[in-house]
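As structure tokens, the structure follows; a few thoughts come after it.
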Amino acid sequence: MIRPGPYICAEWDWGGFPGWFHSINPTPKPRSSDPTYLQLVERWWDNLLPKFVPLLYDNGGPIIMVQIENEFGSYGDDKAYLHHLVILARDHLGHDVILYTTDGGVRENLEKGSIRGDAVFSAVDFSTGDDPWPIFNLQKEFNAPGKSPPLSAEFYTGWLTHWGEKIATTDADFTAAALENILRKNGSAVLYMAHGGTNFGFYNGANTGVDEADYKPDLTSYDYDAPIRESGDVDNSKFNAIRRVIARYSSVPLPSVPPNNEKARYGPIHLQRKAFLFDTFDFTNSTNVFESETPMPMEYVGQLFGFVLYITEYRAKRGGRILFIPKLHDRAQVFISCPSEEDGATPTYVGTIERWLNNKLSLPDVKCHSNINLFILVENMGRVNYGAYIFDRKGILSSVYLDGEKVKGWKMFPIPLHNLNEMPTYNPITQASYSAFSEIRSSRKKLTYKHENTSKEPAFYSGHFSIDKSSQVMDTFISFSNWGKGIVFVNDFNIGRYWPLRGPQCNLYVPAPILKQGDNFLVILELESPDPELVVHTVSEPDFTCGSSGMSLHQL
């Protein structure tokens, strides 16, 4: 069952839509009959759908169904859009393939998101604890008579987790019993997830609660408490319980169970600080800078993922100033400096602003004979992938206020940290980090820092570890238990974000194919508080016990 988009959700950044949509002005309205949006969908499907044709069931292949939209009834009500997708799909795939939609198993969602009749099959999804059969009976109303086999297109074997929550788990026997309640009456179910995964790079999605500001970014791990775990392991109670149920309703014997993947510990990795983030910018002579009276979204400066640095200046004032950013997506660390002081080039950390708190920040009273420089480092923590607020441009999206007055005159510096689908370009930051002998040349004079290993200023760290034999190249995890918040590259592969201070994820999964015999290199951008010992540990198990014990579990 293929889900080719244009929207798939999947807790993926913006549900699979590309971030460059947001750089188009005016921006197309996604998931609608907007002609500009439909042209982009046509361009995508013109390339993608022909690849499916030899793989369709009627051509001897494995594809039995193709989805045209995913849970559209939870978002919009545009039948012309859905019918247009059907026409596009039929043009490429013919009239024999089964097209389908999936919607939550309530009448309102099915009314908005499905096409009645036999042109498109209407599938449903619902919570694992729900009684499936009243929902399957409702499903029949939206399919042609005699053509509504009961199908849960997403049977939830677990659930997702956001930063700051306890890791989501579901009981193995409860999950298996819910599946059996479908299968024993000849219903069908797609296990979501059968295999958990990992939000490598910057590709994690996010959800919202009561409003757009109630923002909840997803973990790097997408283990999902699935029967096949993030690392591919199957030796667990949920896998065995679900397998027993499937075996009872399978017409053929099930294949044997493979062993868990082998894991390795490669010992501690000692790191060196290679450069403070601000040392990597030439603020006076940069060609990669954007200037405007008001802050620009990160997509407008060509930075779709990661970070953008916003810089302006303001007059000192006795008693300090109050900084307020009404619309910040998603998290900002704020620094100030006084250029007229001897060490004025050193930005000093003054606080953090987070979208979900919408907090104001007090800037300290600084005696300065010139204007004070204000640095705002903004992180895109993942675009919203579900619900009414999926239009989720990143960066500073409003005016910035000091004591209620708008601040004008901004410079924006993109920070070129590559994502998974981007070829690494030459980057002096990471190139210097990978070299054991090079020193990055600072664009400001070298300064003496107190408490160097615990500075609040973001910095790059690098280290390496060796694997002697090819047979020793195995999956591993890297523990960041004593670190703050940041991102990690292993052999130039972006393995994702860590944030043990918020939790619950302590360790990041590193699959064996990323590693190699010989030297393996690690580069970390630590945003807040490096381990004082500057060491990380390779371990053989995941760990979801970090963060506050008072965390709550949120569900969609």
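Here the Cβ of each residue, glycine as well, is placed from N, Cα and C on the backbone.
What TrEMBL records for 1-248 is domain 'Glycoside hydrolase 35 catalytic'.
Sequence-distant neighbours of E71 (active site, proton donor): residues of the same chain at least 6 apart with a C-beta under 8 Å from its C-beta are C9, T102, D103, G104, N109, G113, D125, Y386. Here TrEMBL flags E71 as active site, proton donor.
Annotated active site, nucleophile per TrEMBL: E154, in sequence order.
The domain 'Beta-galactosidase 1-like first all-beta' annotation in TrEMBL covers 295-415. Residue counts for the domain 'Beta-galactosidase 1-like first all-beta' (295-415) under DSSP, helix first, then strand, then coil, are 4 helix, 55 strand, 62 coil.
Assigned with DSSP, the residues of the domain 'Beta-galactosidase galactose-binding' (458-520) fall into helix, strand and coil as follows: 6 helix, 32 strand, 25 coil. Summarising the annotation, TrEMBL assigns domain 'Beta-galactosidase galactose-binding' to 458-520.
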Study note, to complete from the structure: Cβ proximity for E154 (active site, nucleophile), under 8 A, sequence spacing 6+, ordered by residue number, returns T102, D125, V190, Y192
